[in-house]
Amino acid sequence: MATSRPMRWEILDGYYVLVVGAGGIGCELLKNLVLTGFKNIDVIDLDTIDVSNLNRQFLFQKKHVGKSKAQVAKESALQFCPTVNITAYHDSIMNPEYNVEFFRKFMLVMNALDNRAARNHVNRMCLAADIPLIESGSAGYLGQVTVIKKGLTECYECQPKPTQKTFPGCTIRNTPSEPIHCIVWAKYLFNQLFGEEDADQEVSPDTADPEAAWNPEDTATHATASDKDGDIKRVSTKEWARSTGYDPAKLFNKLFKDDIMYLLTMDKLWKTRKAPTPLDWQQLENSARPQEVSAGLGLKDQQVLGVWGLCQLFQLSVETLRSQLQEKGEGAELVWDKDDPPALDFVTAAANLRMHIFSMNMKSPFDVKSMAGNIIPAIATTNAVIAGLIVLEGLKVLSGELESCRTIFLNKCPNLRKKLLIPCVLDPPRASCYVCASQPEVTVKLNVHKTTVLSLQDRILKERFGMVAPDVQIEDGKGTILISSEEGETETNNSKILADFGIRNGSRLQVDDFLQDYALLVNVLHTEELERDVEFEVVGEAPDKAPPPQSTQEEVKNITNGNKDSAQPSTSFKEDDDIMIVDSGEEEEEEEGASSSTAVTTSASKRKHSDAETGETSTKRPRTDQSSAAAATNDDDNDDDDIIALD
């Protein structure tokens, strides 16, 4: 990419840069930095190397499995240039040790992360330290790179990110309509049988389903069961499973026959849906045919098993997991891991059997793993392209050419102008951003008579607003300390509700995170009309901007057959690289001057970019229609240095 003045390569010796993450993008990035001529590099990553990393993270080999990614990446990169000074940290960037002063040692920070919490944290640390940050991400064939500079560009959190997609419990338990619903149900089932039981992850039919509106006392007698042990009992799922000795046949009939027959008695559910078809272990065993064990050709993990093949997989996985529990001893629990074969086999079998029951196309183990782990398969070439773009944008930053930096999107297919890389002018900071605004402020709608101090701390401040160690003071004229980051100071407050401290509608909380050098004013909006299972809502950055309760758009709760094909599971804790997708049929932005005027004239029309984690969209850039883009074709030749065109 062209810059207005050339980089003097010899001065790279004096630049200190930080690479956060040594995975798919991080490995390529570290290699690029070393070969470009950077001499002082720090790299930090908490992870260790797994076998599944070896197909795309080329600084690692089989002999490195189990070792620190950061340390091995350093050792491998030094083979390209032994004179480079690389410091590796096998640690979390969110450790308090890496404070603002730590970040101020560097002239540039480059993110190669795979989760939003860490991205938010690095974003805030770079803002506090006033250090340029290059943010990046990839998902399959898609990717993006952008530059963040305090006061000049949007920060990572300026544009709201859609929350992880969630599903109503009644959809998961009663009326699944998509494979992802069955996969989520199967992961719940794993925890109920072998892991830590969670009341929010119940798998039995939901008799409180508001759509069913039935009387269990009148219809429960219509549900039949194969035997006493297989009957539907309102007891702990794990307790019942233990009482059967984790017998695969009894588990099967309970889950895929008795519970399904119980669902069929809720006849109102099936007036507009195709009713499920129960399965019986004995009948399937008697009618099994050899060709049903495996269907399809190709790699084993890409084959879709037949129904009896799934039954056998279910039996084998249950027996293996039962043995693992017994080896761990009384009271032991297993943790679901997509890379653990028995755990994945169990979820694959259970999910596919439920898909078959509800007349859905079944999925291969590869597909189940991708969906259950919330994973978009990583592609090495995408990471290589993104890593190269990071270095090119970094050279612009270090050359003092921030005005020539761009947000660059990598598309799967060329757009109308045959371009895969789409450069867009960096947006200025959003005035209402609750992170980089001069006086960050938000309004949170909650019930002060139900919300506890611990929930405020963990669910709202840490989880929703990404704080690490928040301190909270009530603006009540007395300076009451509600939450202290100092251990033991306010722990007695945790179980109390907010109303106990005089917090009511209109109260204001001053929140500070010393580690992030970040302060946020939280305005409390009391309500008793939140949706079921919703603890709070963020309705605006300031009270005068908060929409009235009746106009708040709620998450769509009812998902019927055939909807939400792109939905992602709510049960996975691993998040993939955040990316913003530019539709391949749309034109890229004009250069800086033209783009500014375009933004003014088309502010009401926004280009939508899809969030890779959720499939939801968020507004990001002004849309340029095809006619104006075609007219501008001859006016933007200076863009050609910033893109790759396909002949």
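Cβ coordinates are placed from backbone N, Cα and C, and glycine is handled just like the others.
What TrEMBL lists as active site, glycyl thioester intermediate is CYS170. Sequence annotations record features per position, and here TrEMBL assigns ATP binding site to 21-26, ASP45, 53-56, LYS69, 92-93, 114-119. The feature Zn(2+) binding site is assigned by TrEMBL to CYS155, CYS158, CYS433, CYS436. Annotation comment: TrEMBL describes 558-572 as compositional bias 'Polar residues'. Residues or ranges marked as compositional bias 'Acidic residues' by TrEMBL: 575-593, 634-647. The feature SUMO1 cross-link is assigned by TrEMBL to LYS161, LYS233, LYS412. According to TrEMBL, the feature domain 'THIF-type NAD/FAD binding fold' maps to 15-404. Annotation source TrEMBL lists domain 'Ubiquitin/SUMO-activating enzyme ubiquitin-like' at 444-531. Annotated domain 'SUMO-activating enzyme subunit 2 C-terminal' per TrEMBL: 541-637, in sequence order. If you look up TrEMBL, you'll see 199-229, 541-647 marked as region 'Disordered'.
Mean pLDDT across the domain 'Ubiquitin/SUMO-activating enzyme ubiquitin-like' (444-531) comes to 92 in this model. Those residues of the chain, other than CYS155, CYS158, CYS433, CYS436, with a C-beta within 8 angstroms of the mean position of the Zn(2+) site C-beta atoms are LEU127, GLU154, TYR156, GLU157, PRO429, ARG430, VAL435, ALA437. Sorting each residue of the domain 'Ubiquitin/SUMO-activating enzyme ubiquitin-like' (444-531) by its DSSP state yields 19 helix, 29 strand, 40 coil. Recorded residues LYS412 (SUMO1 cross-link) and GLY24 (ATP binding site) have their alpha carbons 18 Å apart, per Cα-Cα distance. Cα separation, ASP45 (ATP binding site) to CYS155 (Zn(2+) binding site), rounded: 22 Å. The two recorded residues ASN115 (ATP binding site) and CYS436 (Zn(2+) binding site) have their Cα atoms spaced 20 Å from each other. Considering only the binding-site residues GLY24, ASN55, ALA118, CYS433, CYS436, the residue listed as 'active site, glycyl thioester intermediate' has ALA118 as its nearest partner by CA-CA distance. Rounded to a whole number, the distance between the Cα atoms of CYS155 (Zn(2+) binding site) and SER92 (ATP binding site) is 21 Å. A gap of 30 Å separates the Cα atoms of CYS433 (Zn(2+) binding site) and GLY24 (ATP binding site).
Of all the binding-site residues listed (ASN55, SER92, ASN115), ASN55 has the fewest other CB atoms within 10 A of its CB. With the fewest other Cβ atoms inside 10 Å of its Cβ, the least crowded of the recorded sites LYS161, LYS412 in this structure is LYS412. Checked against ASN55 (ATP binding site) by C-alpha proximity, the recorded positions CYS155, CYS158, LYS161, CYS436 yield LYS161 as the nearest. Of the recorded positions ALA118, CYS155, CYS170, CYS433, CYS155 has the largest number of other Cβ atoms within 10 Å of its own Cβ. Ranking the binding-site residues GLY21, GLY24 by other CB atoms within 10 A of the CB puts GLY24 at the bottom.
Every protein chain shown contributes to the tally, and the Cβ of CYS436 (Zn(2+) binding site) ends up with 22 other Cβ atoms within 10 Å. All protein chains included, CYS158 (Zn(2+) binding site) registers 20 other Cβ atoms within 10 Å of its own Cβ. ASP45 (ATP binding site) is surrounded by 27 other CB atoms, counting those within 10 A of its CB over all protein chains shown.
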